[in-house]
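Below is one structure, written out as structure tokens; the observations come after it.
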């Protein structure tokens, strides 16, 4: 499987005539996956707000005081397990937990490890996103049984400095290396709609597809424009352009789960359907993604029923 994709190659894919691009993406998708299957995951914010980072898209940053998010303490383990049971009963096979930290403190990491162990005991796969990790922390999470660690690249290396100044691109790559070395599956993607150009979008997919090993899960987010954040006034993304990014991700990373993440609340059913045709085969289920709205579970169920698609047990 190729891990040497170039930006120019990805840009050429994205620029293909739409029918040709969709045909190629669907062909790649069918070679590895059941095209009628969608994986369901649930995401819970276990520690919200107060983050010292300055990510321009994120209302959880303490630097964006008008973002409308009040800082909270880390949730208790049993409260998290209650949410996990509800997610399992609603059909989720993977439970993802996110904490608004630059990096976790050791005592907080131990609490998260207890959460991981508890969720695993419910028969669910686990994923956490806690910010930057060192090698020791990654191995501790693996000891607890963690299946996946999410740490996104967000955008291209060139556009990155326009979005974040408190964490470097290399620091993100270093965390991903620690996660891989610990034997944890990688969940890594980015965000579309942050003022980037077409070349940046190709650069994001090329960066993901040229990692030493393709991420097992690739969440592609559509920017949720939150009042009070620097990107609140960003231009909306053409739905067809977004579908093109999904298709390019599927072609370049044929064995990865490509996940529709944040921004689905603003997508029409028709736009989501095109994303599924382009190779997206995973969604987040539930009314919120960390602090932003997500489609109601009933809307998702109705759409999947209309399309004759079914949900699956989590595997990537």
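Numbers run from 1 along the shown chain.
A Cβ is built for glycine as well, from the same backbone N, Cα and C atoms used for every other residue.
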Key: Identity of the [2Fe-2S] cluster-site residue among 113, 127, 275 (reference: 96, 187, 259, source: Swiss-Prot)   = 127
Chain-mates of 96, 127, 187, 259 with C-beta within 8 Å of site centroid, [2Fe-2S] cluster = 41, 43, 94, 129, 148, 150, 217, 219
Query = Which one is closest to residue 55 ([4Fe-4S] cluster binding site) in space, judged by CA to CA distance, out of the binding-site residues 127, 187, 259?
reply = 187
Note = For residue 96 ([2Fe-2S] cluster binding site), the three-state DSSP class is strand
Query = In whole Å, how far is residue 58 ([4Fe-4S] cluster binding site) from residue 96 ([2Fe-2S] cluster binding site) when you measure between their Cα atoms?
reply = 18
Query = What is the number of other Cβ atoms found within 10 Å of the Cβ of residue 187 ([2Fe-2S] cluster binding site)?
reply = 29
